[in-house]
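Undergrad: Once you've had a glance at the structure underneath, I'll fire off some questions.
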Amino acid sequence: MLLAAALAVVPLVLRGTSCGHDFDFHLVSWIDALDSWRHGIVYPHWATTPNYMAGEPRFVFYPPLTWMLGAALGAVLPWMAVPVAMTFLLLAGTGLATRALARQALPEGAATLAGCVAIFSGYSLYTVYERSAFAELAGGIWIPLLLLLVLSERQRVVDGTAAAGLALVVAGAWLSNAPVGVMACYLLAGFAVVVAVMRRSLKPVLRAALGAVLGLGLAAFYLMPAAVEQKWVDIEQATGDAGEQIQNSFLFGHHADPQLALHDAELQRVSWIAVAMLAVIAAALVISWRRKKLAGARSWWVPLALIPAGVLFLLLPLSLPVWNLLPKMQFLQFPWRWLVVLEAPLGIFVAAAVEQGVGSREQGIGRPERLQWIGRAVCGLVFVGLTVFVGRVFFEECDPYDAIPGMLQDYHNGDGFQGTDEYEPVGAENGLVAENLPAACLVADANAALGKTSADNPQPSWAAEQKSCVAVVPDPESADAKHWRAEGSVPSAGYLVLRLRRYPAWNVTVNGARVADLGTRDDGLMVVPVSPGSVKVQAEWRATPDMWKGRLISFTALTLTAALGLVTVLGAVGRRSQSQLK
């Protein structure tokens, strides 16, 4: 499995980083998180470098697991190696999780092959090379584990270990990627119902319900502020663009709007990936069924086989009423994100078709082992071919400005990076935040525009010779994810525009007096009134009430989950002891 994951990242080792669609966003998140750790802030909510050092509440809204993993890897590895290491770990996790699921119905060799196929499924490699969507890649780990725990055969009506495991999986999905969390919850509900019907038992539904409630509770320290504080940012930007709306991204969609030309080209590519994955699953199912490999535990195979049918339905325009009806489905942006759910079934059904002789031999029927090795060799050649293919077709070359060395230079120079539109303050525009701003700039008009655009750069850039403001404090005395301080001398009364974007969690004081009104500038920067003389501006990040509520809910859920698992384990030990005494 580890060799398969290593093979999948060979193009990254040989050619360097693939700067896919989301690469810049993730790299900045890792850098900012590590910087916060070095300032003693274990769980930052504010990212300091976006919007050219004015910051944004990125870590309030973006789930923490992958940006924490990236920061941890950045602390021990050169930054050039971090994307490779993270990709390897996530792909290996995908393979191992799929293998664990497959072991419920397949022998060890076939289960290992299933994990390898999941690693090399078209969508996983597309996610790595074309999109650099590291957080979404983690879905390949959580989805198989979720299916495994639902399919688990238990005698007790509510089995604590399975429910506790589901709670951890649901929490892990949400804490990795919000779209993965949405998909995991809907998949859990639908899959548990199908399994319950097949087994004529409510146990799968009860376990799923308990696991989902506890899992959402475990993730509440993130989910509560992320949900409540959306009113403070322009979160609708996440789905406001036509290219990010569900109805425009069904299979092979094509639009007359020239602004959607790039979107449509990408949609064509991922549509062919979807068709290929579904076709391979269908072929593998037919082969396995005809060879009677799927005979026996129908309550295991049938629910798994229904997943591709459900995903196909969601990829077609006729499913639009479902997308509009179910809460939070629109935030997936693209229907094809459901392809992550196909990775485990694809691996299992292909392995069942290729390795069907293993199970037969174990039952005494027997088939030549040579055929199995031929099948495995063919799969190995396919894996190598896919690696070469994605290295040529999906690999995204980095421009100098978004390559790791260039971004690290911008970070060390204190230049900062572009912000994320959905995290901008309500009524503000990221495109109006000027580059090269001083920490505190004196203006007579609180809403005065700062910086000028040029033919080469549509982003405004500030310079002292523009005389749009007086740089009272060129650089802050201190600036991290929880503290911002600047001190200087003001020559005349006016307003200080701070290189810090407004957000209600910041508590701002000027010479010790709290400032409640931080202005409504179009660029979203804070502005405070000042009088002539010495001035000391401080901003302290305060945990909001919803953050404290989320932490309390998570602590309660953690206690209940641990107690549930512990009671179940102790009960099993007690029953085993009693049986031995008898």
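Even glycines carry a Cβ here, placed using N, Cα and C.
According to TrEMBL, the record shows the following:
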| type | residues | note |
| --- | --- | --- |
| DOMAIN | 60-386 | domain 'Membrane protein 6-pyruvoyl-tetrahydropterin synthase-related' |
| TRANSMEM | 67-93 | transmembrane segment |
| TRANSMEM | 105-126 | transmembrane segment |
| TRANSMEM | 132-150 | transmembrane segment |
| TRANSMEM | 157-175 | transmembrane segment |
| TRANSMEM | 181-198 | transmembrane segment |
| TRANSMEM | 205-224 | transmembrane segment |
| TRANSMEM | 270-289 | transmembrane segment |
| TRANSMEM | 301-323 | transmembrane segment |
| TRANSMEM | 335-354 | transmembrane segment |
| TRANSMEM | 374-395 | transmembrane segment |
| TRANSMEM | 552-573 | transmembrane segment |
Undergrad: Could you pull out which residues elsewhere in the chain have a CB under 8 Å from any CB of the transmembrane segment (335-354), counting only those six or more residues past its ends?
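TA: Hits for the transmembrane segment (335-354): 94, 97-98, 101-102, 105-106, 110-111, 113-118, 121-124, 127, 136, 139-140, 143-144, 147, 179-180, 183, 187, 246, 249-251, 267, 270-271, 273-274, 277-278, 280-281, 283-285, 287-288, 291, 293-294, 304-305, 307-308, 311, 314-315, 319, 323, 372, 375-376, 378-379.
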Undergrad: How about the transmembrane segment (157-175) and the transmembrane segment (205-224): do they have 3 or more C-beta pairs under 8 A, pairs 6 or more apart in sequence?
TA: yes
Undergrad: Counting only residues 6 or more past its boundaries, what in the same chain has a CB within less than 8 Å of a CB in the transmembrane segment (374-395)?
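TA: Contacts with the transmembrane segment (374-395): 4, 7-8, 10-11, 14-15, 18, 109, 113, 116-117, 120, 122, 125-126, 128-130, 350, 354-355.
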Undergrad: Can you work out which residues elsewhere in the same chain, 6+ from the ends of the transmembrane segment (205-224), have a Cβ less than 8 Å from its Cβ atoms?
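TA: Contacts of the transmembrane segment (205-224) (Cβ under 8 Å, skipping residues fewer than 6 from its ends): 63-64, 149-150, 154, 157-159, 162-171, 173-175, 181, 185, 188-189, 191-193, 196, 546-547, 549-551, 553-554, 556-558, 560-561, 564.
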Undergrad: Counting only residues 6 or more past its boundaries, what in the same chain has a CB within less than 8 Å of a CB in the transmembrane segment (181-198)?
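TA: Distal contacts: 63, 139, 142-143, 146-147, 150-151, 166, 169-170, 173-175, 204-205, 207-209, 211-212, 216, 219, 298-299, 302-303, 306-307, 310, 326, 328-329, 331-332, 337-338, 340-341.
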Undergrad: Using a Cβ cut-off under 8 Å, which residues of the same chain at least 6 positions beyond either end of the transmembrane segment (105-126) come close to it?
TA: 1, 4-5, 8, 91-92, 94-99, 137, 140, 144, 269-270, 273-274, 276-277, 297, 300-301, 336, 339-340, 342-344, 346-348, 350-352, 354-355, 358-359, 362, 372, 376, 379, 382-383, 386-387, 390, 394
